Amino acid sequence: MTTEAQASESSLAKASSAESSLASQTWEDKGVGTWSLTAWVSEAQALEARAARAQAWETQACEAQSRASQPRPTSVSGVEAAPVLKQRLLPAKVQVPEKEKSEVLFTRPFWSSKVEYILAQVGYSMRPGSLWHFCYLWLHSGGCSFLIIYIFLLLLLGVPLLFLEMAAGQRTRQGTIGVWKVISPWIGGVGYTSFMVCFITGLYLNVVSAWTLFYLGQSFQFPVPWEKCPLLKNSSGLDPECARTTPSLYFWYRMTLKASDRIEDGGPPVFSLSLPLFVSLCILGALTINGLKSTGKVIYVLVSLSYLIILCFIIRSILLDGAVFGLRYLAVIKISDMYNVNVWYRAGNQVLFSLGLGFGSVVSISSHMQPSNSCLSDAFVVALANLVSMLLFTPFICSVLGFWATVLTHRCSEKNTETLLKLVTLGILPPEAQPPQNLNGDPTSIFTSWFNSLSNPIKRKVLRHVPECNLEKQFLKVRENTNFAFLAFIEAMSFIPGSVFWSFLFFLMLLTMGMTTMIGIMQGIITPLQDTFTSFQKYTKPFTVVVFLLMFLCGLFFTRPSGSYYIRLLADYWTVLPVIIIIIFENLAVSWASEARSFFADLANLWGHPVYPIIRWLWSCLNPVVLLVLFVTTVFHLSLKTITYLAWDSSTSKEVVRRYPSWGLFAMIALLLIVILPIPTYFVYCLTHGIPVTSTRWDKPVISSRSLPISVQLTPIKEVQKEEILQVYTHTHFIRHR
């Protein structure tokens with residue numbers, strides 16, 4: 001035993017000495033020089049030394065557990081030891097430093113299956129706001145013309161950029177902060193910009209989930225509270241503020257948001273929204289705190305449930321009265337809009353936002369996938385699933401809105417008939433203005449036919465006392481803005497028989513889609529922080545709790561009476577600019593700094609087959625130009641547009657359009673500059689410290705110090721990259737075996 005212990009101590013000392021002597025030869029210190037065969041061998045020896053320490057510590061742990069039993073060498077199932085180093089038993093007294101233990105034992109978790117990974121990407125892209133906006137653009141921007149332009153830009157721009165982010169995350173196994181430093185050090189600041197945009201977006205998306213949760217809780221009442229105006233306290237009369245508007249608008253502004261009349265009006269956070277915000281974050285934390293193993297199962301359920309509810313709504317909506325009228329507008333095609341620059345620029349922005357590009361979540365989700373996975377096919381699958389989701393969601397929305405317009409037009413015709421009968425009885429209108437009293441069946445058609453049969457002088461007299469009931473004009477009101485379409489849809493839910501059930505189902509669908517989106521957002525926040533600050537990796541659960549608590553405290557700002565106006569400012573006018581800037585620099589990082597060709601050669605070695613050259617051409621030539629044109633067009637459009645928001649006027653109980661104050665615009669510009677500041681700052685840092693423009697890491701295996709392998713074999717140079725992709729998998733297998 002003494003001889004064996006001495007041999008073990010000698011082995012550990014030699015391994016430590018070899019590691020120390022070779023650790024100084026890091027990849028970052030080698031500069032831009034040629035990566036020679038000698039350097040390859042040196043790196044392999046350094047990795048062997050690291051593997052020896054891992055095996056030494058593992059052997060020591062095994063001996064401590066089996067001291068009472070017969071001593072025997074410990075082998076790791078499925079893991080080959082390095083051919084130069086042999087396993088030896090260590091005595092219990094030999095101690096490996098705690099820092100070395102944590103460094104060796106930590107490994108990056110992987111998704112349990114490719115299906116979970118695909119569903120995570122699809123769930124992240126199923127952002128409810130993006131689905132609503134797609135439906136709005138379809139109705140507002142030429143119908144099928146917009147759809148054709150969207151599909152064209154999805155294939156030309158969306159899929160290549162989605163593939164870029166997926167490939168970068170998989171290959172480097174880094175979050176959004178570290179991945180671009182590996183690919184192109186001079187553009188490394190874009191990771192910090194992406195992280196900040198993701199964090200800010202997560203703040204107000206959490207509040208949107210709180211709105212949904214509040215509505216979900218209120219939908220258990222019968223009738224639902226947005227169907228009728230509430231009664232005054234200690235009175236049988238209706239609330240006069242609600243009587244001057246619709247119950248759905250009143251419930252949204254006065255009961256849910258408790259909205260102020262102007263953005264300048266402050267106030268403390270609304271408790272009725274602060275509590276749902278806390279609950280929604282608790283739900284999200286419970287779904288994600290146990291890591292990818294449980295998160296993947298949760299995504300299975302949430303995404304499947306969302307699609308199941310959408311299918312139920314499609315079947316129910318096409319059976320509603322007026323559904324065909326709403327669906328007719330989807331078949332409209334305006335050829336002139338094919339040449340409209342505004343339609344193209346809106347479709348391009350919709351492609352970027354519908355896929356969730358630029359926020360860093362795609363990169364972070366992909367960093368937990370094995371590098372050997374072919375993500376090009378994954379990009380097509382995710383883009384196709386996202387397109388199918390929107391194509392399912394849009395007809396369902398239009399069918400319900402057609403039903404909404406039909407019901408309101410019927411009610412308008414019935415109300416006009418009652419009013420005209422009273423006016424004729426009082427002698428205010430001539431007998432010729434008396435409408436038909438029986439409107440059973442189709443009130444709108446009967447009333448419209450009667451009204452069209454009147455002479456022009458009688459028509460003018462009638463219209464002085466009653467509004468015109470026009471089904472088409474009522475439906476086209478949803479084209480005014482996405483907020484109106486959402487409120488109209490909520491109101492339509494109260495018209496459907498069994499409104500409580502369908503309202504609950506609708507808000508449950510919005511909540512599940514919001515949660516899958518927020519899971520992706522949280523991956524884009526937590527993963528980069530853990531990669532950057534390695535001490536957080538040992539305390540994942542407490543760190544996650546701290547992040548959620550911070551987001552709750554920051555999100556309280558948006559639960560104030562004027563909070564929804566700030567969310568509108570960020571979502572409609574601010575987010576688009578930093579996202580496009582981020583995507584432009586991501587594209588440049590690969591197509592310019594890494595020259596795309598070396599990146600593709602590296603991916604071809606990993607996958608065992610070449611990637612289509614057209615993708616390289618899109619990255620290097622077409623996509624940068626399209627993104628630059630899109631950015632210039634967006635800036636030009638925003639500079640000409642009056643920055644306004646819809647506010648609630650409590651004196652008239654109506655929505656009014658107000659301009660954002662000058663300080664609000666300055667705050668938006670200042671926030672934009674703060675967010676993009678890391679890009680030039682990091683560029684100057686690299687320039688002053690002599691860091692090379694291009695990274696040499698694509699010419700050698702990328703092994704993170706936080707993802708060390710258990711065993712390393714000397715392999716031919718052409719096989720090194722293929723061998724490296726199995727190291728983290730081997731390490732994970734070792735941990736599970738232990």
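Here, residue 1 is simply the first one shown, and the rest follow in order.
Keep in mind that glycine also has a Cβ here, set from the backbone N, Cα and C atoms.
Curation plays no part in TrEMBL annotations; they are all automatic predictions.
Feature annotations, reproduced from TrEMBL:
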- 1-25: compositional bias 'Low complexity' (COMPBIAS)
- 1-27: region 'Disordered' (REGION)
- 136-163: transmembrane segment (TRANSMEM)
- 183-205: transmembrane segment (TRANSMEM)
- 270-292: transmembrane segment (TRANSMEM)
- 298-331: transmembrane segment (TRANSMEM)
- 343-367: transmembrane segment (TRANSMEM)
- 379-405: transmembrane segment (TRANSMEM)
- 500-522: transmembrane segment (TRANSMEM)
- 542-559: transmembrane segment (TRANSMEM)
- 571-594: transmembrane segment (TRANSMEM)
- 614-640: transmembrane segment (TRANSMEM)
- 660-685: transmembrane segment (TRANSMEM)
Review point. Against which stretches of its own chain does the transmembrane segment (343-367) lie, if we need a Cβ under 8 Å and a gap of at least six residues from its ends?
Key: 108, 117, 120-121, 124-125, 127, 130, 133-134, 137, 141-142, 145-146, 149-150, 153-154, 157-158, 161-162, 165-170, 172-176, 179, 191, 194-195, 197-198, 201, 337, 375, 382-383, 386, 390, 517, 520-521, 523-524, 527-528, 576, 578-580, 582-583, 586, 626, 630, 633-634, 637
Point to revise | Beyond the flanks of the transmembrane segment (542-559) by 6 or more, those residues with Cβ under 8 Å of it | key: 199, 202-204, 206-207, 210, 269-270, 273-274, 277-278, 281-282, 284-285, 288-289, 522, 525-526, 529-530, 536, 566-567
Practice item. Take the transmembrane segment (571-594) and find every residue of the same chain, 6 or more past its ends, with a Cβ under 8 Å from one of its Cβ atoms. Key: 129, 161, 164-165, 168, 180, 183-184, 186-187, 190, 193-194, 197, 200-201, 204, 349, 352-353, 357-359, 619-620, 623-624, 627-628, 630-631, 634-635, 638, 643, 668, 671-672, 675-676, 679, 693-695, 698
Practice item. For the transmembrane segment (298-331), name the stretch out of 136-163, 183-205, 379-405, 614-640, 660-685 with the most CB-CB pairs under 8 Å. Key: 379-405
Point to revise | Criterion met for the transmembrane segment (614-640) and the transmembrane segment (183-205) (at least three Cβ pairs under 8 Å) | key: no
**Study point:** Contact call for the transmembrane segment (660-685) against the transmembrane segment (136-163), three or more Cβ pairs under 8 Å
**Key:** no
Check your understanding: Where else in the chain does the transmembrane segment (183-205) make close Cβ contacts, counting only residues six or more beyond its ends and a cut-off under 8 Å?
Key -> 127, 168, 172, 175-177, 358-361, 363, 514, 517-518, 521-522, 524-525, 528, 551, 554-555, 557-558, 566-567, 570-571, 575, 578-579, 581-582, 585-586, 588-590, 592-594, 599, 671, 674-676, 678-683, 686-687, 691-695, 697-698
**Study point:** Tertiary contacts of the transmembrane segment (379-405), as residues 6+ beyond its ends and Cβ separation under 8 Å
**Key:** 118, 121-122, 125-126, 130-132, 134-135, 138-139, 151, 154, 158-160, 162-163, 166, 307, 310-311, 313-314, 317-318, 320-327, 329-330, 354-355, 471, 474-475, 477-478, 485, 488-489, 491-493, 495-496
Review point. Cβ under 8 Å to the transmembrane segment (136-163), counting only same-chain residues 6 or more beyond its ends: which ones?
Key: 329-338, 340, 342-344, 346-348, 350-352, 354-355, 357, 362, 375-376, 379-380, 382-383, 387, 394, 398, 478-479, 481-482, 485, 583, 586-587, 615, 618-619, 622-623, 626-627
